[in-house]
Amino acid sequence: MKKQGIICGVLSATLFGISGILASILFRNQNINPEWLVGVRMTWSGIILLIVLFCFSGRRVFEIWFKKKDVVLIILYGIVGVLLAQSSFFLSVYFGDAATATILQSLGPTIIVILLSLATRTLPSRLDVWSILIALTGVFLLITNGNINQLVVNSTALFWGILSAFGLAAYTLIPKPLLEKQSPLVVVGWGLLVGGTAENFFHPIWYIPSQVSTKSWIIVVFIIIAGTLLPYALYVMSLSQLKSTTASLLSTIEPMVATLLSITLLHVHLKVFQVVGIVFIISTIFLISLPLERIFKKRISDPETN
């Protein structure tokens, strides 16, 4: 069972990493903007996932809309969590590259530690502090290559990449009360559909870009199915069979895949100190995954014990 969970976690992280690379290819070669792709990706993956869940669970899929508190949470989750994380990530890919965007989004766990410390008015542990300092050092090296007078990363890509990390933090924290009484896949499905619907108010998916090739449409379908729907399902399956700490460690595969594919397929050139920065940022996921369960259990349930 544990082996199956590890396989699901690895496949999920790998598919997410590939999704970013494919999006980068679309942005470079086709008249496709990131906002439209985000709307298509979230709307259709949410619809497909909810239809599949309805076939297995029936009307229970709609129970999340029966209580006002749950409705508020799922709307917040869909817009502030899923949509913010997805749209800012793809905008970072659009203005920069998939490797940088994925690495910056990996700051999410560090931001979670900081936000929980502020919310509970408790000082972070010594390990948390070291993780934060290492993450900040990693970001500095990634965007400057060690030269404080020069940015080697597009400033717009940097902004959206860091914002996507905040989106990832919101994506993790907001649905916690919902996950205690709802299936994770149901929460994800509605989050995707709510976020996709919100995106359609600004960038409707029926305004299809002109002159999109058949190859590009295949990539779009792949991003919807294999880059969104499957990895979310696989990640939930891995959580059901593994400790959350182990699942968090497996998530480090995503930035590694994105970085390697960016170098080999997209010919992205990384300098020495940028690579060191990437290693620093990824290492913080290993460090933070150790106390993360403790933070959720102790700081939220009994903040005065810390």
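Cβ coordinates are placed from backbone N, Cα and C, and glycine is handled just like the others.
Remember, TrEMBL labels are computer predictions, not curated facts.
If you check TrEMBL, you get these features:
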| type | residues | note |
| --- | --- | --- |
| DOMAIN | 5-143 | domain 'EamA' |
| TRANSMEM | 39-59 | transmembrane segment |
| TRANSMEM | 71-95 | transmembrane segment |
| TRANSMEM | 101-120 | transmembrane segment |
| TRANSMEM | 127-145 | transmembrane segment |
| TRANSMEM | 157-174 | transmembrane segment |
| DOMAIN | 157-289 | domain 'EamA' |
| TRANSMEM | 186-205 | transmembrane segment |
| TRANSMEM | 217-235 | transmembrane segment |
| TRANSMEM | 247-266 | transmembrane segment |
| TRANSMEM | 272-292 | transmembrane segment |
Stretch-level contact, the transmembrane segment (127-145) and the transmembrane segment (272-292), CB cutoff 8 A, at least 3 pairs: yes
Under 8 Å between C-beta atoms and at least six residues away from its ends: which parts of the chain pack against the transmembrane segment (101-120)? 17, 20, 85, 89-90, 92-93, 128, 131-132, 135, 139, 142, 157-158, 160-162, 164-166, 168-169, 171-173, 248, 252, 254-255, 258-259, 278, 281-282, 284-285, 288-289, 292, 295-296, 299-300, 303, 306
Go ahead and report the DSSP secondary structure tallies for the domain 'EamA' (157-289): helix first, then strand, then coil. 103 helix, 0 strand, 30 coil
Taking DSSP states H, G and I as helix and E and B as strand, how many residues of the domain 'EamA' (5-143) are helix, strand and coil? 124 helix, 0 strand, 15 coil
